[in-house]
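The structure appears below as C-alpha cells.
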Amino acid sequence: MSAVLKSPADSAIADISLAEWGRKEIRIAETEMPGLMAIREEFAAKQPLKGARITGSLHMTIQTAVLIETLKALGADVRWASCNIFSTQDHAAAAIAATGTPVFAIKGETLVDYWDYTHRIFDFGPKGSEGEGPNMILDDGGDATLLMHLGKRAEKDASVLANPGSEEERILFAAIKAKLAEDSTWYSRKSAQIIGVTEETTTGVHRLKEMSAKGTLMFRAINVNDSVTKSKFDNLYGCRESLVDGIKRATDVMIAGKVAVVCGYGDVGKGSAQALRALSAQVWVTEIDPINALQAAMEGFKVVTMEWAADKADIFVTTTGNRDVITFEHMKAMKDQAIVCNIGHFDNEIQVAKLEEHCQWEEIKPQVDHVIFPDGKRIILLAKGRLVNLGCGTGHPSFVMSNSFANQTIAQIELFTHPEGYDVGKVYVLPKHLDEKVARLHLKKVGAMLTELSDEQAAYIGVPKQGPYKPDTYRY
C-alpha cells in the first residue's frame, strides 16, 4: 500500500506510508466503538449530515479517525486538524488523509504550524463561493471557535491583537495579522454560514459560556462535555486508564510506594487519583472547592495544598483546567527527579514559560525533558506541560471514546438538522433521552443486562417506562 500512496496536496501529515498501519488500528478500534458503529447503521441511509461542511479541531487519534469516518458516512464533508501539538497519532492522520479527507496534523508540530493548520480547516471552497467556509464546527478546547471570533473582531479593530499575554498568543496574533494582510475579510466570510459548534471539553465549554454571557458568541453551541455519558465516562474512566499509561511510557517509573499529588478533584481528578492509588501510590489531593475537597477526604485521600506538598511528593499531576496551578516556586521546592505532568487541556496549568525563562532543558526523548534549575536540581517534565496521556501515550481507550464521540455525532446531527430549536449565542446540553440512548448503545458490548420497569413501577415513581429516568438535576 505504501508503495503506491502519495501524500495528498490538501493535507499536512508526517508520512503517508503509515496509512496501512493506521487502517489496521482503525479496524480494531471500530470493534471497540459500538456507539459510533450503531449510529452509522441507524443513520447512513438517511444521510442527516448531507450538506454539512464540518471544521474539526480535535486530537487526531485512531479513535478520532472512527469519528471522522462516521461523520462522512452520514453525509458530511470534513476538514480536520489536531487541537494539540503533541496529540496526533501520525498513522491515524495518514490513514484518513489516504481516503481523501483533508487532514492537517503532525505529532510535534510547531505552534506556528498549529495555527496555520487551524486556519486551513476553514478552507472548503473558492473565495466568494457559497461553500467557501464551514457550516459546522466540531471543537475540542475551543481554538477553532476562538479563531473565528478573534479574527472577525480584528477585522474591525486591530488593537485586539496588540498585547499578547503569552508566547502562544503572540504566535496566534501574528497568524491572524498575516491572514488579514492577505485577505481583510477572510474571517467574516469563513464564519458567515456557521450554524453552530459542538464542544468536547471543559476548557472549551468555559470559553463558550464566557462568550455567551458577554453576548459575543456568534453561533449556537452544544456543550458535549456535560453530557453524563461524556463527563462521567471519558473524563473519569478514560483518565483512570490513560494517565498512568502516559506516565509509564514516558518514565518507566515504579508508581507503587511513591507519593503522588493530584491537583483538582473533579471528574478528571477523581479518575487520576483512583488510577494512581490502584498502583499503590500514596495519593494526596489539592482542591479549591470545599465539596470536592470533602469528597476526596471521604474517599481516603489526604487533602493538602501545593505549598505544603511541593517538597514532599514524587509525582505531580494537574487536572483542573485553570492556570498557574503548579507555579515556578512550587517546582523550585520539589525533590530532585520529581515528575510533573498535566492532564488538563492547556499547558498553562504549569508555569512552563517560567521554566523556559529560568532553567536549562535537556531532552531525554520526545515529550520527556529534564528541567535543570540553577542549583543543579532536575525535575522531569512530561509533554512540556501539555496533555500527558496524549503527548506521552495514545490517549483514552476506544470504548470510552465511543461514548464521547457518539455524543458529538448526535450533537452535530441535532444542530445541523434542527437549528431552529437552538438560539444563536446560547450554549445547550443534549437532552436526557439522547444521553440515555448513548449509554444504551454501549451496554451489549460490556455484557450488561438492563432491567425493565413494569407499568406499575413506572407509574409509582412517575417516569416514562422507556425513560428518561432521572431529572436534569440528578448528579449520577
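Cβ atoms here come from the backbone N, Cα and C positions, even for glycine.
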### Task
May I ask you to find which of Asp123, Asp140, Asp311 Swiss-Prot records for the substrate site already listed with Thr61, Glu200, Lys230, Asp234?
Asp140
### Task
Please work out the number of neighbouring Cβ atoms within 10 Å of the Cβ of Val268 (NAD(+) binding site), leaving out its own Cβ.
28
### Query
Taking the residues the record says bind substrate (Thr61, Asp140, Glu200, Lys230, Asp234), how far apart in Å are the two Cα atoms that sit farthest from each other?
17
### Query
What Cα-Cα separation, expressed in whole Å, is found between Gly264 (NAD(+) binding site) and Asp234 (substrate binding site)?
16
### Message
I want to check the contact list for Gly266 (NAD(+) binding site): same chain, sequence separation of six or more, C-beta distance under 8 angstroms. What comes out?
### Response
Thr202, Asn235, Asn292, Thr319, Thr320
### Query
Where among the binding-site residues Lys230, His345 do you find the Cβ with the fewest other Cβ atoms within 10 Å?
His345
